[in-house]
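A.B. asks: The annotation transmembrane segment is assigned in TrEMBL to B:12-30, B:68-88, B:95-115, B:127-146, B:153-175, B:181-202, B:214-234, B:254-274, B:281-299, B:305-326, B:347-369, B:389-413. Summarising the annotation, TrEMBL assigns domain 'Ammonium transporter AmtB-like' to B:53-415.
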Amino acid sequence: HTDSTNMRLRLPLLCIILEVILIILFGTLVEYNDDTHAKLWNENRTDSATRNDHENEFYYRYPSFQDVHVMIFVGFGFLMTFLQRYGFSSVGFNFLIAAFSLQWATLMQGFFHGLHHGKIHVGVTSMINADFCTGSVLISFGAVLGKTSPVQLLVMAIFEVTLFAVNEFILLSILGVNDAGGSMTIHTFGAYFGLMVTRVLYRPNLDKSKHRNSSVYHSDLFAMIGTIYLWMFWPSFNSAITNYGDPQHRTAMNTYYSLAACTLATFAFSALVNPEGKLDMVHIQNAALAGGVAVGTAGEMMLTAFGSMIVGFLAGTISVLGYKYLTPVLESKLKIQDTCGIHNLHGMPGVLGAVVGAVTAALASPDVYGHGVFADVETGKWNPQSRGGFQAISLAVTLGMALFGGLITGFILKLPIYGAPPDTHCFEDGLYWEVPGEEEGHQELYEVATPNEVEKLSS
Amino acid sequence: HTDSTNMRLRLPLLCIILEVILIILFGTLVEYNDDTHAKLWNENRTDSATRNDHENEFYYRYPSFQDVHVMIFVGFGFLMTFLQRYGFSSVGFNFLIAAFSLQWATLMQGFFHGLHHGKIHVGVTSMINADFCTGSVLISFGAVLGKTSPVQLLVMAIFEVTLFAVNEFILLSILGVNDAGGSMTIHTFGAYFGLMVTRVLYRPNLDKSKHRNSSVYHSDLFAMIGTIYLWMFWPSFNSAITNYGDPQHRTAMNTYYSLAACTLATFAFSALVNPEGKLDMVHIQNAALAGGVAVGTAGEMMLTAFGSMIVGFLAGTISVLGYKYLTPVLESKLKIQDTCGIHNLHGMPGVLGAVVGAVTAALASPDVYGHGVFADVETGKWNPQSRGGFQAISLAVTLGMALFGGLITGFILKLPIYGAPPDTHCFEDGLYWEVPGEEEGHQELYEVATPNEVEKLSS
Amino acid sequence: HTDSTNMRLRLPLLCIILEVILIILFGTLVEYNDDTHAKLWNENRTDSATRNDHENEFYYRYPSFQDVHVMIFVGFGFLMTFLQRYGFSSVGFNFLIAAFSLQWATLMQGFFHGLHHGKIHVGVTSMINADFCTGSVLISFGAVLGKTSPVQLLVMAIFEVTLFAVNEFILLSILGVNDAGGSMTIHTFGAYFGLMVTRVLYRPNLDKSKHRNSSVYHSDLFAMIGTIYLWMFWPSFNSAITNYGDPQHRTAMNTYYSLAACTLATFAFSALVNPEGKLDMVHIQNAALAGGVAVGTAGEMMLTAFGSMIVGFLAGTISVLGYKYLTPVLESKLKIQDTCGIHNLHGMPGVLGAVVGAVTAALASPDVYGHGVFADVETGKWNPQSRGGFQAISLAVTLGMALFGGLITGFILKLPIYGAPPDTHCFEDGLYWEVPGEEEGHQELYEVATPNEVEKLSS
């Protein structure tokens, strides 16, 4: 398999071509926005009447950007290091496809979100949005983890980022719905896109790599680094691009309470579904985060701490039950091999979040909101029920886009040109990485018995 | 022991009952504060005369909240992963009891800190305060680490959070003392509460698990993740809820210098107390943090960088000496089995911090403070000496509350209904967690010799 | 070697003497700045006409400080844990010398940056600057990693911090150049200083420790924690002390795009230079960061996203090629043993950054900047070409200072009094640390075959 998976030409060629294209497109299309451009900022500064107090305040939104950035690179990256021999690829490929996706997303989102005289304006908000889009690619990565080459992942990112931008444009700009934390645009889209891709890439003989498709003690601890960072910064994630003022406070707080309740549900059901009452790291690492996903739409609304905790508790519960009872069925019956169980962490909780968002929107009233999120409630232009309806339609659109996009992308990824790993060498870093410990020097240190020696011992 | 420690019913029942109670109480008692509530915020916004510039600025305090949040979940969680076979429990139970405690603390603190028409108002500050209270539970967790079931820990958290809120109310609201970084309310309270609990839970036969009560190479590195995050963000911790303006700057800076000096003292004394001059990871992981504890009260005062460095140096010194000489005595003479040595990291430095705070308060003068922290100095209502006296009284109250509360809680935790680990299986994840590497698949990978094989080899 | 490397007296003596000197100097020379001092702040507050809106806003710059702080302690600390048996020293000595350096740097920089009535004023900005200076010491640490005792490292820090402050003063105050992210002051200086030190400390028989001078699987994952944190927070690093307004936005954004492009170049060339097309963790861990180094000078200028991506792509490319082709030559021909390859991560990209900065400055025009970074462009006092010239002169000054300072410091470190490790025990924690796993208790757990047993097996 060494030749067929050799990345020496494929990966450099693709990376360099993509980056050159990106550089050319950035050179021709991208400009600093008014807060970032030296001349524009100085010109506008004199016209202070047109600027709010917090405009061009670097520390407005930038701390949110950094928290989101940590979730994308440390959170997602380390969450996937749970596999015993796939840590380099988990963190490394996460790094690679995120670095590509955020550039490509800047272009795609800039194109759809409105050009300024033919130019894309970039600033702190575009950086956050690009990270959001990248997040959805990393969710899909979770489904195909261990079964794809880095070239395949980059190709997947090209298509997924593009479709993400289209779907986001339809939801936010055409349908005008709320989805600041991305229950629909990020989680539902990323999950069902990835599930469809892994369905198309179904490997009937994947059990040949079964022994590597599990964790070891320290790999589970590395994964907990990812989990905890995602959990802690999720309030920042959901609130990063909500409006200035009360919505940003509310979103952070709702997410915080939802996650806390979700964590207790996760521990409860993880012990309950185990015959010996033992906790399962897979649940703790993943299901405890479902509460953040499930308030991604309604978080900015007047969900209240009470409502958030109920949603979080439900999300943790369905997520654990999904890992225990649904994932095996999806694999055996529907041929969906979902390495990280993204259906349980992002899929079902994302759909739950979309439904909660639709219901909360439909129940909005001026008594509760005043001039808040649903300012148009009072103008009479929209009524909450139709708002709720558009939220529900958005879920359907997202599911359709994700499944259709995943189907097409899956077939493109199936072409035998990307150096995908053979069934016998899935979940194995050694295929694409120089792995230490294979070299001589190390033997002396860890003194681990080699396969031959173990054989000798066993005989 | 499998039956007696089986968590299948105990843990889910307790988690679900607690979360349901929390949800009901939040539903009946908790409301968004004015910055977070859509209608209230919009109504108040028009009345701008009553609001300061920085009100409802999300990025006021929220970055501090995130830093504190990292300390609670990554800092405390990973600090305790130093044990060779207790990493899952350290991070996992830390996660569970923190997620519970922050919800329960919101209610308890909200109740004591003042209701608004019978309602508890939540906002960014209440989130920080809840994390602070959670910190004190996690300190106590350090004393009983490895010797308690998750059910015991949740029960401990119920009582400790409640008593924390009472003690905090007495100190801050009745006695009116300063303790922004919690030398007394968080560290002294958490430490002596935990030490009393572990005293009551004394296990004469704990040496049956002695071989697991130590670190391995990589577990010490995981613990350093916790140490370094605590160290870096301690300036944010101590300054998170100090007043706007100069006190917040001063607190961060004093903590920064105290910790830097403490680190040099820690390395110095760690090498000095070792016959071969070798550094001990236990000291570096813990004692280097004592400087943050010891300026928890005086940090917001005009302690100066000079004073902070002296305090930090002293704190590091007594902490290392405590680990080396006092901890063994506490265990052999006083029957206090303190797994993490919280007496050295939080107990003694906390008391030192309280004393430094009392002295610094007593020495306050208008020449130095102007209208600063001790604004009442000028009104003549208080004089610094009585201020200092009240600070000292607060230390005594805290010690009393902690020891009494720990005593009661310890006896409650001694009931044989919580599935506590037997003496032979302390410091062992396998009791409460599905631990990988016990399953077949992994053998093939790491090729580590099994006990039987090692026996064969040795013969 | 136990005696010659025994730290029992050397390390405590040096640490205590240094800290006592620091405390005395801080006591006599250091004062809180106006934002931090209770009385000064309150007096100034009334005179509001003289203060800008964002003055004494704690959350102005403090979030940048925390991000930089994470890079210094977690970023640099964990980046160097890649060695299989040097993790304690990497994180631990990083911790020690950083804690010392930031105190010493506060004094040195305060002295050179201007005294206030004979006093050094400290505040959030001085904390950031001290961390910056510390960063350059940690870069040099990378060159001598594994081959020096902690006493040597502290002595190196004393000299390097001092010279850093002198060089920084010449560049920023005398030559008046721009170098907000420190391509010259931090990276070029730290790299060539460290390379010269390691040249002077050349060990002809270092291959006796060759088997430990490499990574193992989990040590590479720990190192990735460092890499990813450095990568994520580099936009904060470069923008931490740039001017309020547009430059801070621009710097963060340029750094973000440069790093993204650099990452793709790194993956591309890492695969390309490997015969089997396999990625090398050394490249990913280091070269992917070169893009942050290379925009350290020009980041605040109107480099544009387009320009930043080109610079980042170039930096990643030369860094990977440096690791592959130049480092072995430096070692064999020039006798420069550069453990972490700082020449590839900080040296060459730092010089590239200085050149890019000089060119970008020389090309500045009022059409592009308005009243921006190059405000003096409009006064006519300077023209961009001379600006560019001064930037180039600064690079030469920095290289001279670094090489000369490293030479002197190297010879001082060569004295046989510091307990340096023998050639046979480089890259080994056991020399200076109590290392677990050597004790009896652990054998039982991990059941790793001992050297004797492996010998038996092999026969």
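Placement of Cβ uses the backbone N, Cα and C atoms for every residue, glycine included.
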A.B. asks: Can you tell me which of B:68-88, B:254-274, B:347-369 gets the most C-beta pairs within less than 8 Å of the transmembrane segment (B:95-115)?
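C.D. replies: Answer is B:68-88, with the largest number of Cβ pairs below 8 Å.
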A.B. asks: Where, among B:153-175, B:214-234, B:254-274, B:305-326, do we find the most CB pairs under 8 A to the transmembrane segment (B:281-299)?
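C.D. replies: It is B:254-274 that shares the most Cβ pairs under 8 Å with the transmembrane segment (B:281-299).
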A.B. asks: Between the transmembrane segment (B:68-88) and the transmembrane segment (B:127-146), are there three or more C-beta pairs closer than 8 Å, counting only pairs 6 or more apart along the chain?
C.D. replies: yes
A.B. asks: Given the transmembrane segment (B:389-413), which of the listed stretches B:127-146, B:181-202, B:305-326 has the most Cβ pairs that are under 8 Å apart from it?
C.D. replies: B:181-202
A.B. asks: Taking the domain 'Ammonium transporter AmtB-like' (B:53-415) alone, what is its mean pLDDT?
C.D. replies: 93
A.B. asks: Contact between the transmembrane segment (B:305-326) and the transmembrane segment (B:181-202) is defined here as three or more C-beta pairs under 8 Å separated by at least 6 residues; is that satisfied?
C.D. replies: no
A.B. asks: What parts of the chain pack near the transmembrane segment (B:153-175), using Cβ distances under 8 Å and only residues at least 6 beyond its ends?
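C.D. replies: Long-range Cβ neighbours of the transmembrane segment (B:153-175): 14-15, 18, 93, 96-97, 100-101, 104-105, 108-109, 111-113, 133-134, 136-137, 140-141, 144, 184-185, 189-190, 193, 197, 390, 393-394, 397-398, 401-402, 405, 408-409, 412-413, 418.
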A.B. asks: Do any residues of this chain, six or more beyond the ends of the transmembrane segment (B:127-146), have a C-beta under 8 angstroms from a C-beta of it, and if so which?
C.D. replies: 61, 64-65, 68-69, 71-72, 76, 79-80, 83, 86, 89-90, 93-94, 97-98, 101-103, 105-106, 108-109, 113, 152-153, 156-157, 160-161, 164-165, 168, 182, 185-187, 189-191, 193-195, 197-198, 201, 209, 212-213, 240-241, 336-342, 345-346, 406, 421, 426-428
